Each structure stands twice: as structure tokens, then as C-alpha cells.
Number of protein chains: 4
Amino acid sequence: MALSVEKTSSGREYKVKDLFQADFGRLELELAEVEMPGLMACRTEFGPSQPFKGARISGSLHMTIQTAVLIETLTALGAEVRWCSCNIFSSQDHAAAAIARDSAAVFAWKGETLEEYWWCTERCLDWGVGGGPDLIVDDGGDATLLIHEGVKAEEEFEKSGKVPDPESTDNPEFKIVLTIIRDGLKTDASKYRKMKERLVGVSEETTTGVKRLYQMQESGTLLFPAINVNDSVTKSKFDNLYGCRHSLPDGLMRATDVMIAGKVAVVCGYGDVGKGCAAALKQAGARVIVTEIDPICALQALMEGIQILTLEDVVSEADIFVTTTGNKDIIMVDHMRKMKNNAIVCNIGHFDNEIDMNGLETYPGVKRITIKPQTDRWVFPETKTGIIVLAEGRLMNLGCATGHPSFVMSCSFTNQVIAQLELWNEKASGKYEKKVYVLPKHLDEKVAALHLGKLGARLTKLTKSQSDYISIPIEGPYKLRLYRY
Amino acid sequence: MALSVEKTSSGREYKVKDLFQADFGRLELELAEVEMPGLMACRTEFGPSQPFKGARISGSLHMTIQTAVLIETLTALGAEVRWCSCNIFSSQDHAAAAIARDSAAVFAWKGETLEEYWWCTERCLDWGVGGGPDLIVDDGGDATLLIHEGVKAEEEFEKSGKVPDPESTDNPEFKIVLTIIRDGLKTDASKYRKMKERLVGVSEETTTGVKRLYQMQESGTLLFPAINVNDSVTKSKFDNLYGCRHSLPDGLMRATDVMIAGKVAVVCGYGDVGKGCAAALKQAGARVIVTEIDPICALQALMEGIQILTLEDVVSEADIFVTTTGNKDIIMVDHMRKMKNNAIVCNIGHFDNEIDMNGLETYPGVKRITIKPQTDRWVFPETKTGIIVLAEGRLMNLGCATGHPSFVMSCSFTNQVIAQLELWNEKASGKYEKKVYVLPKHLDEKVAALHLGKLGARLTKLTKSQSDYISIPIEGPYKLRLYRY
Amino acid sequence: MALSVEKTSSGREYKVKDLFQADFGRLELELAEVEMPGLMACRTEFGPSQPFKGARISGSLHMTIQTAVLIETLTALGAEVRWCSCNIFSSQDHAAAAIARDSAAVFAWKGETLEEYWWCTERCLDWGVGGGPDLIVDDGGDATLLIHEGVKAEEEFEKSGKVPDPESTDNPEFKIVLTIIRDGLKTDASKYRKMKERLVGVSEETTTGVKRLYQMQESGTLLFPAINVNDSVTKSKFDNLYGCRHSLPDGLMRATDVMIAGKVAVVCGYGDVGKGCAAALKQAGARVIVTEIDPICALQALMEGIQILTLEDVVSEADIFVTTTGNKDIIMVDHMRKMKNNAIVCNIGHFDNEIDMNGLETYPGVKRITIKPQTDRWVFPETKTGIIVLAEGRLMNLGCATGHPSFVMSCSFTNQVIAQLELWNEKASGKYEKKVYVLPKHLDEKVAALHLGKLGARLTKLTKSQSDYISIPIEGPYKLRLYRY
Amino acid sequence: MALSVEKTSSGREYKVKDLFQADFGRLELELAEVEMPGLMACRTEFGPSQPFKGARISGSLHMTIQTAVLIETLTALGAEVRWCSCNIFSSQDHAAAAIARDSAAVFAWKGETLEEYWWCTERCLDWGVGGGPDLIVDDGGDATLLIHEGVKAEEEFEKSGKVPDPESTDNPEFKIVLTIIRDGLKTDASKYRKMKERLVGVSEETTTGVKRLYQMQESGTLLFPAINVNDSVTKSKFDNLYGCRHSLPDGLMRATDVMIAGKVAVVCGYGDVGKGCAAALKQAGARVIVTEIDPICALQALMEGIQILTLEDVVSEADIFVTTTGNKDIIMVDHMRKMKNNAIVCNIGHFDNEIDMNGLETYPGVKRITIKPQTDRWVFPETKTGIIVLAEGRLMNLGCATGHPSFVMSCSFTNQVIAQLELWNEKASGKYEKKVYVLPKHLDEKVAALHLGKLGARLTKLTKSQSDYISIPIEGPYKLRLYRY
């Protein structure tokens, strides 16, 4: 796509695939609203008081239908919003169109190049005069990363006149980040520092993004307060677990139509994501084998009748391979060469480097046959057998299907809204330092409570004497902080 | 579409949506072949001897990728083939294109009108001079029905000069059938009787189609031998059960992206199809309620922890409704009016009259909003609440997703191939009268055996003394005919 | 025990372990009645008309609490009853005591020797003057066998003066049968023929017993009509499946307290019994592997994610081995030698020869350590490792636990009552020849219907137009005879 | 029983039911050792260095076979041990006999009165001259409670001469505690203070006991260091969850033989124990309904397809009721009156006051019929219907079955051994203050690792570059402290 910003008739900026898909997007948005009771309850509770009046929010988070409901919840609470996706394949073009036309500045489409991706991220942070956003909604930490790297480069440039050198890194994506920052220095050598000044804080919702934040906190380089939304119970134990349990088979079926029953499926990692994937595959009739480094998680899998082996043990016997680790180099090209013909390889963990895509792409004589977008068959020259790689090694549930369903995302996103409100309301109080915080348990419980009515649940209430007996307030919080659910 | 037959460069007739999708179809066909070991084994075992040499086969069966592998198995065994779909929404256009270009005469596309549908069925049976097909592969019995109705009309016409009166029926689809036959009488008043003469037999694979055959057998009106493929264990206990367990959630997710976990789902009917649907929904985290007329099936559901209620008991409480009965009038417009906003209503049983589509369409003031093809929201005027109907009440797994996966269809279709071979090989022997037959158990067991290797299974073999002890041949058949599996 | 018949104060014969357990038995009987709605409904429906008035019924069927409710249903309908168990370990002494004291002549205790077992069977058939019983309730066919062998011997004796030679067989149990018959010939050389004359018929409820009957039917040696209760859907698809799903883990836990989760369990055979066992073990968290000879059953297991291997493949890796086949020589001593230390070996199929108990007992140097009754550790001399054998290779759910629970036995036993009524009511009509019959479907459906209310189920009723549409009577039967459920 | 201490020939004190059961206990102990790899690994690793040389350990923990393996692990590491049970019904007499004869001083039998129970607890703490134990292994905190109450009374007595007044409390059990302490004051008014002086610390393994400890920590009344073993992942997420998943159905089946399939089961509470119970009941074919106060746990249940209602909603419809809350007054007599005939009521949570046993026992006209020990039917006078209460409202898995299986207890008890070692090794270092501690994650992971080999698992190892990438040491710990598993 030609990388130029477009404008709606009302003057709002955007760049999406096709604005004409806005009507379709709107219809699906309306369906999703019914499935997202937490977000709709936020609109009801907070909408009238317009708490985000005057707040600029930039979001870097998969531009899906569910995210669209989040965006319109933020605008319903008074915010001005700019948005980009945090994954080159995860945008839903009709969702982006509806938001661009109706609600917020969006820069996102399905199938961005990496250059386009970072251009979109820049646009999302670019609020014109007066610096950047007040608040960031982040997923994976790319918006946060760009600002931190930008500030670092500006300070170095001021000090030594040195500009970032894209050739200093082997990582092709980081090359692009450095290029953008280098080029930015020419026009405004204090852009990211001005952003930093204005920024009230970020709320981040992935395991990986959160880990980056804790590392920055420890090294003392974190530039603004952060709320770790990922570790809300109603996020990590719901979105990661039940979301993946839904969207892994969805992605597999849309991409390959393969029968899961009877197959041998290997799930690499048995954290929340891996637990969801293994449950889904098992229930669909696959025989599941898990690989793990952590003996506790391994023992949990065993208690569910799941075998724990190494990838090497089963690489030539399994039919489906799923990475869920958040680590890198899980499935290497050398593993892929040994797989059965048409074995399916996919990632639902974090970055595409869980699968050795680079090793695969550069394997001598390998042939790539695109069955359809996001479904490629790679044929090895020696054996003429092929493997099927989904979403080019990126998140297969977003690349090949539509990601997690609305209901579970409503839990995650209600946490995001509450975190954003908390940061914004306390912006002047000094409550939040340049550290990483989790939401208090009573808010976590509130998120859950907002989702019970839709499912027809009726909670029991403690009596006064029960409350006294177990020393738990009638209104909660009901558990100690360490409780594991 | 303009209803005119087109021809390939080699002169083979066809009518499909877009021949340019043939390459894409071929890629998916190649994937499917790996998943259909039974059909591929038939090619290996029977291909060299070309048993279908000289045989004309007409098929009326969902024109999907899996069916394409069936068609090319028939041609690999020497047959000439013409094909149409047995459902207006079930064709996969890329599959039809690949077959049209490469292998057989195809008349099928996704989204036919009923007129187009019966035009296609006619084309499929029309082999030009020399009458019709030698063999029919049927699914639901429409090809068989057309011939039987045609013969009846021709005989009546010869006797009394009377032609069929489309106005004699309320059923809109049967009106079309009578019209076609009436119009055909003008040009050739013995067309269907010539077909009947030539026909060696039909193999039929659905519960509903088979029931029609037994009824004709009983009333003495069956015109040619029929093999009931549906009641092969490797069909009804696999395709119906495991196929639907896979494709029901697939259809739900593709059509609505709804989170199944936490929802209340009502499955009408607990036969093989209902069992598969209930299992899938339960495993995905829904609370499942079943409605049944048969106390035995009801007791089976209860033993799995599934509640048995009537539709009236739960109509206003449930989120998802699935009909699986093969009967009519299961969910009436009066039920639909009482449902929750955005309740999902769909059918995976047989005909679209399981759901009262007619009542819905003619409900005063009802408004239909098409979210996307096959996904409609119907809004009632009094309540402004809507329900979501999938595939216009027709088979939702074929309309909204891609039907059953290849592996399980390989079981069903291997039965079809074996049945066709049996009919053709015995065409002169008199073995088969104008009756309905099931395949012998050893062939059923053979179909299963052909699918074990792909899943890495290793069977145990009876010893001679064990075989003697239980009076079962070492090579099978291993069970009595009444055995229920 | 000293084998002498005792008498109650009212003069009824019995031989049980301890009549003082009658009160305890009565309490458990009363609990069981609440769980056996089918039997209680029979009492309500048929009790007033006393249809069994004048009928003598002999039963050879595990003398458990559930059977006690069956017996008292028969007596409530007017019958006189004599009973023995069909398994040396399956009697529950408190059940036997309650029946002996209150209702019928019982000859059964837990832990009979084989000699005692056949003595009890003789007593059960011995109605004094006037020959034997009018009706037999059989489980496994031992009562039927004894009469058939007896008649054969008497005829041979009359013809040639030859008496049966116990040394003519290697089977230790059959030796005893021949001895009993031989000894009986001395006192009454027409006892069994008189029984045969009087006998109206037998109803048999096991796969194995039924198979013997069909073999006798085919060879023309069946001496009286038989109703195959096993093949009622409400028997084989309930008792065999759901009964074993309950009682296999019950037996394992009572005998060994072993944690099932995490273990590798091998189930030999995947018929109804094997399906129930595999489901139970899987649900308890074991990794289940199935061995099968039948490719269809094997494919069913695979569709549930269960691996199919041979016993040899896994013998040294698994923790729990269960035989469910009805065949012999499934687990041989040579397998047992290779098992892990404390591997558990048990049988829930039919006879104890599924496990090579003879090979184990005679293995040179093997040492048997009885942990508690029915739980033995056998230590091999070479390895000093031991295996744990339950119930001496006999039915472990009856030997180590209390067999199937009341509710599912109510289904089986209601079939028995209905079969007995049918035989008795038609005794003079000639409806039943010396053949094997199954109950008609509407009675099968009635059995199911009698069990729905207890579980709170509400059936749907066909409308007239639905009934017409699918040609199924509103009141059933709802399925064709071949339907597999 | 006459409450007098007995002595073995070697002079060790004990009081058990029947020392002649020691052989049987030893056989089961040997089986259990094979299932408890963690404890056996401790013997191998630490046995040679005799780390507990000179340590006196008192344990108050269900005197089962599994506990016997724990006790003999402690003695194998050099400790001297005295033991009592922490529940009047949970002792296994053969286990107690084997330990009493062979290894340690035991005061425990199945079916103690409350007076006997506290007498046993006193004996367990009574090491004669030189004060009490060095270390306490506690389960529920009764040993810890007695010492704390004793010290409090002694201090009050010293100060004011006042002795505890048993009449000052309504709680019948606490009355006994006060009586014991009061009586003790007469002979030695500093007994408990001497104990306190000597005590190095306690390790506690239940949710309830741990809560008491935290309350004492907060109020500053905790007298010695405590290690919270309950919150080791390998305890609370294994013993509580998988242990109950195993032992709840075991208890139900042994006590009532009831068929679980088809029943409606209510689980009060969806913590780890409730999750295990609900899973077990669901898998056995029950329809499960959960009651909860905590919206997060409620939402988890809903995601598994489990309905959330209040007890009032379902009290008259359900068949089985299980309390798992750790709270009191969950099922009141007023609920019980409304239940169906023969509804089963049981507790697997903590104290017997989860069920209103007092209300039941004192209900006017209620009649108790003991079916067998621990299985009582209570009949209400108005309705003549009865309910079945297990284990008199106490832990039904220990009262009616044999508690959790060895393998999962090996996880819990390995944590106990490690905690005891840690306390003892650091007794002089001042590392542990009078506070509550949890074990560090690497020890938790070690416990898991010790249990993998038995289940044939093969862990994956991080590479150096993977370890760097995610900043996790190759040898662990693998997760942050807050990780929820």
C-alpha cells in the first residue's frame, strides 16, 4: 500500500484496507457488543461522567472487532483515540474500517509488511503538536519499545551526535525500528522525549510485554508508570486459557480443514496458553503430547493423562505441532525436515521466532507453495515431503481465524479500561511511580462479576457470621493475593 | 447465473462459478488426498484393473474438496462421471472448478437457487444419447427421486395423457421438480424410463435418503437395486458422529465467532448427529441440554450428564439451538420469538424444514439483516430483539464452514466406492434385486482397516486357539450383524 | 463351608455365609430400591395381577444387593424363586442373608470354591419332586449349561450305559461339572430330562452366555426357548458401558488405592465393556492405550484420542492392565514377567482365563503374597519384581468392589423381568420355539422410559404431522431394528 | 477404648486399635512406597547424612498408609517421631499398627471420640522430661492450637490464678481443649511454655491451618516459625485438586454404591478442592451445579460448562451435595429437610460444621439409621423421606474411603519433609522468625521433578540462548512468584 495518511470527511486520519467494509464491520461490532458485557457495563457506569474527557489514548493492539468495541468504550468515556495493530496479520479490515469511519484514527490492515507495521505504529503515536498520547494501551509492548528506544537515541544524539545504526543488529525487525528513529532524529530530535513527558502511563496485556516492563523496572530504565493487565486473573487465566482453547482449533480448521480427531498433536509449553491448546486438541479427539521445561507444569499435564516427551522424541510421529512458549527456537528447521508429510506447524505463543522461519526460508532448495493466504506448504528437496506452516509462524489464531472470541476478550479489555481509568484518575496524585503495578483483587473480581449475568449465573452471598468466621469481607476480595485459582 | 452448459477445451461439459479457481482447488485436493487413505488405497488396489471401464456414474452429493477426491477415485478406476451437488449452499467453488477442468462434468456452485439446483440435477443425469447413467451416487436421494417421479409421470402420461401439475403441491421445491418433469415430457416422453432401463443401481449415504428407499422397497415402487451405505458402521457411526463433532463448532465459529464456553446450548435430537454435536459443545465448555422423543437416546444423554428437557422449557434461556433430527417443525417461529437477543439457530440435521424458515420469513414485520452470506440476523418487530439464523436453515456445517473433514469422509466415500464396485461387478449376476442392501460386515471392517495406518495404529491378531475359542475367524468379520458398536 | 442345606424357620432352604447380616442387607436393599425405578415400576404395574403365580424361577446371577431387588420383584409378581451366584467371588453376603431370610431360597456366598459353586448351582435347580424350574434367569449360561450337559449325559447313558468321564477334559471347572452329572446319574438318571420337560425358557444377559445359546441354536441342540436380554439396547449399551465405567475405577480404588491420574493404562478390547473402562480411566487422568482385533472398534478408539497398540508394544511400560474381551489368553504369564514392578493386572471381561492365571500359578519359583482378599502380589523369582492381580483374574468389579451400581442394573433387570413375563405368558401359545429371541424394540424403549423420571428428564412428544412426516408412530418404536445408538 | 498408653517390647509407647494388623499395614506400606517417589528420593538423598539426628518430631496428621511412609521417611533421616491423627475418622488401623510396631510412637485409631482425639494429641506432644517436640508436622493446626492455648492459659494462670473455663464456649470440641489444659495446669503449670521454648517450628499443610497461622502472625501471637506447605504449588494445586478428584468418587462409591452418572450434583465452592470434585463428578456423568461467593471462581466454572446457582435454587432437585468451602453453615438442616429422598450430603472441605450436623441431630423427631459406619440415613418426621449423610459431616474421603492416593500425597509430604529439614537446618541461623513462610520456588519445582520419572516423563532443557532470551536460568526457577499455574 502507498503509505500516505487519509482523512475522513470529518478530518480524522486513517489508513485502512477498504473503508467500504465499514458497514459490515458495524454489523459485527453490534453482535460483539452483546457478547462483551464488561465493556458495555463500563459504558453504562462511567459514560455519563466522561472520565477520559481530554485524554489522548494510543493503542497498539490487534485491530479486531473486539478491539473495536474496546476503542468505542474508550471514546464513549470521553477519550480521543489513535490505533494501530500489534501484529501484521491480525487486523480485521472491516473492523478497522468501521472504527476509522465512525470513531477513531486507525492505521492497520491485514497483511502489513514490517515496514508498514512500524509506519502504522509511528502514526498511532503521532498526535501532532503538543507531543504524543496521554495513555498507551499496549499488547506486546511495541509502542512502549518505540518510545523507549526513541528517547535513548535522542539522548545519545544530544550527548554524542551519534545516530542509531540499523546495521548494528541482525534482527530484521529491529533494523526497521532503528531506521525509523534515525530518520526521525533529522526532523525532530526531541519527539520521543516530548512524548515521554506527556505520558501518564501504559497498560500492557501480554506475558511478553509485561516481562519487558519488569526488566526495565529492574534496570531502572522504565520511563513511565505501567499497569500489568496480563496478571489480572480475569486476563491470564481466561484470555490465555479459554481464549486459546477456542481459537486454536478455529485457526486449524479454517486454515487446513484437517480432522483433529485421531491425530497426534504436540503442544510445546503447558502454561495457560498451552493448557488451553492441549485441552482443545484433546477434546477434539487428538492424542496430545506436551513438551515442557518446568517440572510443575509437566506434572500438571501428566495428571490430565497427557504424555510429556521432548520434541525430538516425537518429531517424526506427530501430525500437528503448536508452539505456546513465549520463548524462541522451539521448532527448528532441522525438526521440520524430519516431520511427516503435511504435518502442520503453527505458533500461538508470542513472536514468530518460536518457529525457525528464517531457517526454513533459507533452507537450500526448499519450495514454498501458498495454498491460500496464511497457509503455506513448504516442500523439502530431499524427501519431497512437505509441511504446512500457518500464518508464516505468527499467531495462527489471529492470522488464520479471528482471534479470541468476544466474551473472553471482554474480560481482558475491561481490565484495560479499568487500568486506563486508574492511571488517568491518579495522574496527578503521585500514586503511580515509574514502576509496574497489578490491579487490586477487588477490581479483578469486579471484572468477573460483570460477566456473570450474561451467562445466567447466580452468586451466593456470605452471611455476616460466615464472613466473620473466615475473616473475609462479604463484598470481597475473597482471596489472598497469592491465590492461584 | 445464466443457465447454459459450458465446455472445457477437451469438450467436457460443466457449469461452475469460476474455472479460474481450479488451481486453488487442486492444491486443496492434494492436501485432502493425504487425509483420505481409504480412497487412495482403492486407487492403488483397483486402479490397475480399471473395473469401472465403460461405466457412467452420476453423482448428486455436496461438491466439496472431499467429494472431488471421491470423483477422481471413480475416474481413476475407469468411470466416466457427471456430478451435481445435493444442497444449494454446500458446493466449494474451487473444488468444482478443479474437477470441471481436470476430471468430470460438474454442475454445481455455492448459492444456487432452487431452480438452478434442479437444473444442475437434470444435467447430471443427462448423458445424451443412450439414456442416463449406469450408476448413481446419491446423498439425500434427490437424483433417485427425480427418476422415480419422472418414470411415474411418463407412465401416467402414456396412460392418461395427464401431465404433472406443479400447483398440486404446497412444497415449493417439489413444484420445481414437477415443472421440470412436465417440461421434459414435451421433448422426450420416455427419458426417465430409458434411464431406469439402463440403471444398474444406486448407492445412498444419508439416513433420510435411505429411509425413502426402504419406503419405496416396502411399497414395491423401487425401480432399481440400492445399496444403503449410510448404515455401514464406518459411515453412520463415523461421518455422522465424529464428522459433526468437528464441523458443528467449525460452522458456529466461522459464522458468528461466538464463544461457546459458558453458553447454554440446546441440541434437538440425540442420534449420531446429535451425539456428535452435544459432545462438541460440551467439550467447548457449553452447558448442553438435549431434547428427545426416544427414551433410549434420552437415557444415553443423561448418562453423559446432559439434561433432557423440552424446547419449551428452555427456549428463552438458551444461547445456541441446533437441530439434528431429520424431522420437520422442530424450531417454530413461535419458539424463535421467545429467544434471547442474538440467540443462534441452526440446523445440521437434514432439510431446512427442521427450522420453520417459512414461518420466520412471513412473520409480520420481521426484518432480515444479512451480516454476511449464510449469517442472518432476524429482528422481531415487537421486541426489537433478533436471532441469528445460519445457512438459511440449511446444513450449517456445509453452508457456513467446509463440511466434514477429509479423514472421516474418506470412510464414508470408501463405502461408496465399494458399493459402486459391488453393483457394477454384479450387474449381470442377478445378485441384487430391486431392493435395499447393506454392505457385508467384512467390507465395513475393511474400510476401517484402510484408515488405521494413517493414525499409527497397530492391530492385535487373534491366535488360532483364540479364534476357535470364540468362534470368530482370524480375519473377521469380528462381530454379529446386530452389534451396535 | 460344610455343604449342607439349611432351613429358615418357615422351612425355606438356603446356604449363605451369615444370616445375621440380613438386617444390614435389608437396609442396603431399601436404598437400592430407590435407585431401581424400572424394577419398582414393574412391581407397581404387574404386582396386583400376580402374573408369576405358580411359576418356579431359578436364577444363576451374581447374588448382590441389586439382584436381591430383582428377586423380590419376581416374588412380588407371584413367583417362587431359588437362586445361586454365577461367580465365586461376586456374592454380597448381606444381600444373600436378607433374601434367604425374607424372600427366596439362596445358595451363595463370597469366596466359594469351584466345587461349592457347582453345588450351589445344583441346589438352585433342585425343586424337589416335580422336576426343576419353570423359568431360568441366567448370567453366563452356567445353569443352562448344566441342564444341557446333564440331558446329553442321560441320553448317552440310556443309550450306551456310558457315564461322563471327568478325566476327559483339561478344564478343571468342566471336570467338576462332569463329576456332578456322573454322580447324579446314580440316583436319578432322568433328572435333567425332567427339568427340560418342565422348562418354559431361559433369559440370558451376558454376551458370552448369549453366544453359547446362538451356537446351540445353530447346531440344533438348544433344548428350550431363550430370550437374549444382553442385546436389548438398555442392557448392552448401558450395563456393559456405563456400569463398567463406574465399577472399574471403584474396584481399582478399593483393591489398591492407586492413583489413576498420570498412569499408563492398557485396556484389552474396545467393545462396550472396554469403552466404559477406557472412558473411566481417561477421565480419571490416565493415559489409555487400547488393544483390539477389530478395525472398526480400533478406529472408534482412535477418534477419542486413544492409541491402538499391541500388548507386546506396551507391556513393560504400562501401570494398569484390564482385560475386557470375553476371549481367552489375553495376558499371558510371559507378558506378566515383563511388566513393571507393581503393575496391576485385572479382568472385567468374562472368565478368568482372559488372564493366564494357570501360567502364573505354575510359574517356577513365583511367590504369591496376599495383601488382602482379592488383592495378590505375585513376585517373580528372577527379577524380584511383583505384579498385583485382582480377584484372582475373575471379575474385579464384583470381586474387589460391589459390581455395577443399582441404577444401571435396574435397566438390565427390568429387561430380565419383562423377558421372564413374556416367556411365562406365552408358555402355552407356541410363540417361542427352541430358538433365541431378542425383546421387541418397544419393550426396550419402555425399559428406558421407566428410568427417566428418576433423573428429572422431560421427553418431547412427536406431533401428528411430524409422526406422519417421518413415518414413526407417536408412541414409538422410534428406531429401526438395526439402529446402533 | 480404655485410655492407657501401651508399650512395645522395645519400650516405645503407642495406642492403636489392634497391633496384629501390623503385617497387613506393612504390606500396604510397601505398595505405597512404590507410589511415593518423592519421599523415597528423600530417603536416598538425605538418609546417609542423618540430618534429623537428635530431632524430636511430633505429627498431627491423618494416620494413613501414606502418612506412615512419611513417618518412616522422617525416621530414616534420623528423627524420633510421635504421631496422632488430625481427624477422628481418618486413621487406618493397619497403618497405625505397622508404625507403632516398627517405627514411631502412635496414638490413633479409626473412630475416636472427641475426648479420645485430644487425649491422643496430648500424648503426641508429650515427650516426657525435657519438654515437647523440636518440630511439628501439622494438618489443620490442632497441635499448634493446643500449644498456643496452653501457653495462653499458663500465662493467665501465672498472672491471675485463673484457669480456663470449659463452660465459656459453646463449641463442644473447644470445651474439651479447655478441659485438658485446665487439668494439665494442676500437674505442671509450665508444660506448654517449656514446649514453646524448645520448639524450632511447625510446617502446616492445610488451607485452614495456614489461615490460622497468618491470623496469629498478624495479631503477633505466633509463638514459633511456621512454614506454609499448603501454598506450595505441588501441594495445593495437586493434593487439593487431583487428590479430591480421586477420593471424592471413591468415598461416594464405598459409602453408598450410588451410580453417579445421570445424577444432579451440587458442589459448594469452586476452589482447588471444589474444582477437583466438580471434575470428578462431571466425568462420572453427573450434571454438576456449583455454588460460589467468588465471581472469579464462578466464571471459571461457567467456562467449563458448569451452572452457577445458589443452594436454595437447587436444593430440592439435586441428588448429591458436597461441601468444599472451609467455611461453616453451608448446608443447614433447613436445606436438608427440602432435599429429595436419599439425597446424599457430604463434606470434603474442612471441618464438619460445613454441614449443620448440630441442627440435624437436634431436629425434633429426626431418626438416624446407620446403614454402616460413616453412612447414616436421617429420616425427617414430616415427610418420612431421608437423606444420607457421610462420615457424620467430617471429611468423607477419609471417613468413607482411604483418603488421597499415595502418589499425590507424595507431593504434599515431600514438601513437608523439605520444610522440616529447612526448619531444622536453620534452627540456629535465625533465618526464620516467628512468622509464616512459604518454600522457595526452586524447592517446589524440585518436588515436582522427583515425581516425573515414575510417570515416564522426559523434560525439555533450555538451551543457553533460550535461557538468555527469556532471562530464565537453565535450572530454574522457571516462573515468577505470582505465577498461577
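Every residue, even glycine, has its Cβ placed from backbone N, Cα and C.
B:D239 (substrate binding site) falls within a helix when secondary structure is assigned with DSSP. For B:D239 (substrate binding site), the same-chain residues lying six or more positions away in sequence with a CB closer than 8 A to its CB are B:E205, B:H404, B:V408, B:M409, B:C411, B:S412. According to Swiss-Prot, the substrate binding site annotation covers B:T64, B:D139, B:E205, B:K235, B:D239, on the basis of similarity to another entry.
Annotation comment: Swiss-Prot describes B:206-208, B:N240, B:269-274, B:E292, B:N327, B:348-350, B:N397 as NAD(+) binding site, evidence class similarity to another entry. All protein chains considered, the CB of B:T208 (NAD(+) binding site) has 18 other CB atoms within 10 Å.
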| field | Of B:T64, B:T206 (the binding-site residues), the residue whose Cβ has the fewest other Cβ atoms within 10 Å | value | B:T206
| field | Greatest inter-residue Cα distance in Å for the substrate-binding set B:T64, B:D139, B:E205, B:K235, B:D239 | value | 17
| Where does B:V273 (NAD(+) binding site) sit in the DSSP three-state scheme? | helix
| Spatial neighbour of B:G269 (NAD(+) binding site) that is closest, considering only the binding-site residues B:T64, B:D139, B:K235 and their CA atoms | B:K235
| If you count Cβ atoms within 10 Å of the Cβ of B:K235 (substrate binding site), leaving out that atom itself, what do you get? | 28
| request: Among B:T206, B:T208, B:V273, B:E292, B:H350, these being the binding-site residues, pick the one whose CA is nearest to that of B:D139 (substrate binding site). | output: B:T206
| note | Filtering the binding-site residues B:D139, B:D239, B:E292, B:H350 for a C-beta under 8 angstroms from chain C leaves B:E292
| List of residues, in chain order, with Cβ under 8 A from that of B:G271 (NAD(+) binding site) and at least 6 apart | B:T207, B:N240, B:C297, B:T324, B:T325, B:G326
| message | Using the alpha carbons only, what distance in Å do you get between B:E292 (NAD(+) binding site) and B:T64 (substrate binding site) once rounded? | response | 31
| field | Between B:K235 (substrate binding site) and B:I348 (NAD(+) binding site): CA-CA distance (Å) | value | 16
| message | Is it possible to get the count of other C-beta atoms within 10 angstroms of the C-beta of B:V273 (NAD(+) binding site)? | response | 28
| query | Near the Cβ of B:H350 (NAD(+) binding site), how many other Cβ atoms are there if near means within 10 Å? | reply | 22
| Integer Cα-Cα distance in angstrom, B:T64 (substrate binding site) to B:H350 (NAD(+) binding site) | 17
| query | What is the interatomic distance between the Cα atoms of B:K235 (substrate binding site) and B:T206 (NAD(+) binding site), given in whole Å? | reply | 9
| remark: In three-state DSSP terms, B:T208 (NAD(+) binding site) is classed as helix
